[in-house]
Amino acid sequence: MTLAKNKLDQNLLEERIRKSIQQKSRVKKQIHFNLFTLITISFLQSASVSIIVPFFPPLATKEGAPLICKGLVLGINPIGSFLYSFISGKMLNLLGQKNVFCLGIIIQSISISTFGALYNLNDDAIFICICFFSRLIQGFSRAAISSSFVTYIPQIWPEEFQIKASLIERVGALGTLLGPGIGQVFYTFLGHQMPFYILSFIFLCSLLTLKWLPSNIKINNSVDTSQYYRYLSDKTILATFLVIVGISTAQSFIIPLYAVHIEGLGLTDDLMGYFFSVSSFFYIVFLFLMPRIQKYINRKLFLTFGILIAAIGIEFQAPENLIESLFGINLKKWYLVTIGQCIINIASSMCILPMVPELNQLIIDKETKERQVSVLDTNLIKTFSGMASRIFILGSSLGLFIGPFSAGILYSSFGGQDINEYKNTSRCIAGFQFVIFVIYLILGESYKGFIQQKKLIKTFIRKSQKFNENLLNSKHKSTLKSQNKDSKKQSGKNSVQVMGEQSNLNNNNQEYQSVVIQEHNQNASQFLYQNPNDVSDILLSDNEDESDFLSFGQELSDECTNNEYTENQAEKLDEN
């Protein structure tokens, strides 16, 4: 009975273990599906924003829209994101994050397909109005999707919030950069309208992946995340905020000017989208290198030099007359624009990745000081991390609006040929970058980055020296061990050799003793045989002769004794 009960308990335990393993496997798969869902939608929504870059400016020119309207249409998308940020918390509490996510995807899909239908319109006024409205709600839906990201990431990956947020942000940035290239591929084979319809259909299909996401949760409103001024009133946070505004402006100002300018430099419209996406390669490479480089360089230094390099990239793609004098390059070359874009995207990677952690640290330092505590609550830290992400989105949206809108105004205000208008516009944008660089250097306490970097270098040198010392000690220990092993082996060989030499010595002594005795016997026998009559004379000789005979015997005895002494010495040496 007891045996049967124990067997039943064992079977129940095995069944529980099996179910637990299956449950963990299902949860792990669901988490992978969640990551795939968020990454896919992040890429699609970013690509949908930038896919119109090679198509819209020529279409707007054909419809008779002025350049200012082009810049405003392209720049109004982030205004929609900015307006939604004020109601994001209320929308999440009212509808729930999954419903907000779903609503954002549907609106995004509608706005994308609307741009495909623009090619069928003939009325200029209706064309401009639909363009404005479509881009505005597209920015609105983009912010709705992004706000859901911010709440889902800490819920699914509470211990890896920064890693997953950085990954999703990088994929979104990749979609922004590759969008024009993707649109150009569809345009080459399917025409102008199909890229928008295909992307809209893919967005609708992504609704099927929402079933993998967790259910709605109530958002913690202990901190009003819509009141940005509370943090932006701090000069350090404001100066850091301006860096992301500047870098986003540097990336986006070329959007309304690119098609007209690059076509004037000799590049055909069927290749524009491809070359616009060339710079994305450098951006992707540096996005993967930056997390490794950040271990050795302070974040403030990345932000400082990033905004400065962006200004240099703008001046390079202008291009300035100094480039012609230094490198002997004809300024009317389209590839100079591509090189300048590559430099700007490298600078963007230097600023974008460290931005959210830097803002998060500044907000935590501010809250710690105001609350007069040494350590903040974990839930508050997560809330402040979300606030840092929202400030980042706000700055990025503002820069993406300022870039195209200001470029359209500046380009129209400068007279002359296209290359001169573009050069003067680029100079103004580069000057804006340099002003932000000076502000961040002074108000953003960028100089502290140099001090912290000096400490970081000292720490790195100290750790390197300690590592080298440990490495030398380990090598020395291994050398001593090998030497001990060699000495033991050598001592074993020496002992064997000594034993062999002792054995040879004993054999030689025995042989020598037998030879001496044998020679003596032979000499004695020969003497007796040759002089038989003199034997009695020898035996009866005087004392001197007798002593000579006895001394010969004594010498023989002493020699034998010496041989025994040598054997004793050999035995003692063998024992040692």
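Cβ atoms here come from the backbone N, Cα and C positions, even for glycine.
Automatic, uncurated: that is what TrEMBL annotation is.
Annotated in TrEMBL:
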TRANSMEM  33-53  transmembrane segment
DOMAIN    34-448  domain 'Major facilitator superfamily (MFS) profile'
TRANSMEM  65-87  transmembrane segment
TRANSMEM  99-119  transmembrane segment
TRANSMEM  196-215  transmembrane segment
TRANSMEM  236-259  transmembrane segment
TRANSMEM  271-289  transmembrane segment
TRANSMEM  301-319  transmembrane segment
TRANSMEM  334-356  transmembrane segment
TRANSMEM  391-412  transmembrane segment
TRANSMEM  424-443  transmembrane segment
REGION    476-498  region 'Disordered'
REGION    554-576  region 'Disordered'
COMPBIAS  559-568  compositional bias 'Polar residues'
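Stretch with the most C-beta contacts under 8 angstroms to the transmembrane segment (196-215), considering only 99-119, 236-259, 334-356, 424-443: 99-119. Note on the domain 'Major facilitator superfamily (MFS) profile' (34-448): its mean pLDDT in the predicted model is 79. Relative to the transmembrane segment (271-289), the listed stretch 236-259 leads the set 65-87, 236-259, 301-319, 391-412 in CB pairs under 8 A.
Beyond the ends of the transmembrane segment (424-443), by six or more residues, the same chain brings 235-236, 238-240, 242-243, 245-246, 249-250, 253, 257, 303-304, 307-308, 310-311, 314-315, 317-318, 403, 406-407, 410-411, 414 to within a C-beta distance below 8 angstroms of the stretch. Outside the transmembrane segment (33-53) by six or more residues, the chain places 74, 77, 105, 108, 111-112, 115, 138, 141-142, 145, 149, 152-153, 156, 164, 167-169, 171-180, 182-183, 195-196, 199, 202-203, 206, 209-210, 212-214, 255, 258-259, 273, 276 with a CB less than 8 A from a CB of the stretch. Long-range Cβ contacts of the transmembrane segment (236-259) within its own chain (Cβ-Cβ under 8 Å, at least 6 residues beyond either end) map to 53-54, 57-58, 67, 70-71, 74-75, 269, 272, 276, 303, 306-307, 310-311, 313-314, 317, 337, 341, 344-345, 347-348, 351-352, 355, 358-359, 362-363, 366, 391-392, 394-400, 402-404, 406-408, 411, 422, 425-426, 429, 432-433, 436-437, 439-440, 442-445. Cβ atoms under 8 Å from those of the transmembrane segment (65-87) belong to residues 49, 52-53, 56-57, 124, 127-128, 131-132, 135-144, 146-147, 226, 252, 255-256, 390, 393-394, 396-409, 411-412 of the same chain, restricted to positions at least 6 beyond its ends.
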